[in-house]
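Quick look at what Swiss-Prot lists:
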ACT_SITE  ASP8  active site
BINDING   ASP8, ASP139  Mg(2+) 1 binding site
ACT_SITE  GLU67  active site
BINDING   GLU67  Mg(2+) 2 binding site
ACT_SITE  ASP139  active site
Amino acid sequence: MSIILGIDPGSRITGYGVIRQNGRHLYYLGSGCIRTSEKELPGRLKQIYAGVSEIITQFQPDVFAIEQVFMSKNADSALKLGQARGSAIVAAVNADLPVHEYAARLIKQAVTGNGGADKSMVQNMVMSMLKLPAKPQADAADALGVAITHANTNKTLVALAGKATGARKGRYR
């Protein structure tokens, strides 16, 4: 059993989602958004760090998963997003959590079966997969998607590791 904290980073709104993985089953523990109020970026980064640190203290996750930065046409936006990610990652590292990163396309593929899915599709699938009574906020749904992706990726890697022997069989050696 492990608790996974997923993060959808943003310099204004950072989504978070926490799930518990018990074997093949996933259970919803909590989600929401860290909304920054500061006008200047350094103040927003401080709020992201403090918010993620508080979530880590509250839920005591075993692992931290975060969405990777995608290249944007707007370099300034991409840089701010990278700094927001950095603030969240530092909070995880300070709590001695292992950090895993996933591309947005992989997350959408893992959750909806379509790497080009829109936010509404992700929200609907997250709601269905975690048996939520209502559609989560878009940023929180994305963060839950990050956590689900890690749970499913980790499950696959563990299964493969159990079957791998390192020896090849057959006529080609």
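Heads up, the Cβ atoms here are built off N, Cα and C, so glycines get one too.
Calculated from their C-alpha atoms, the gap between GLU67 (active site) and ASP8 (active site) amounts to 6 Å. All protein chains shown were included, and the count of other CB atoms within 10 Å of the CB of GLU67 (active site) stands at 25. For ASP139 (Mg(2+) 1 binding site) paired with ASP8 (active site), the C-alpha to C-alpha distance reads 6 Å. Shown are the recorded positions ASP8, ASP139; of these, the residue with the fewest other Cβ atoms within 10 Å is ASP139. For the recorded site, ASP139 (Mg(2+) 1 binding site), the DSSP three-state label reads helix.
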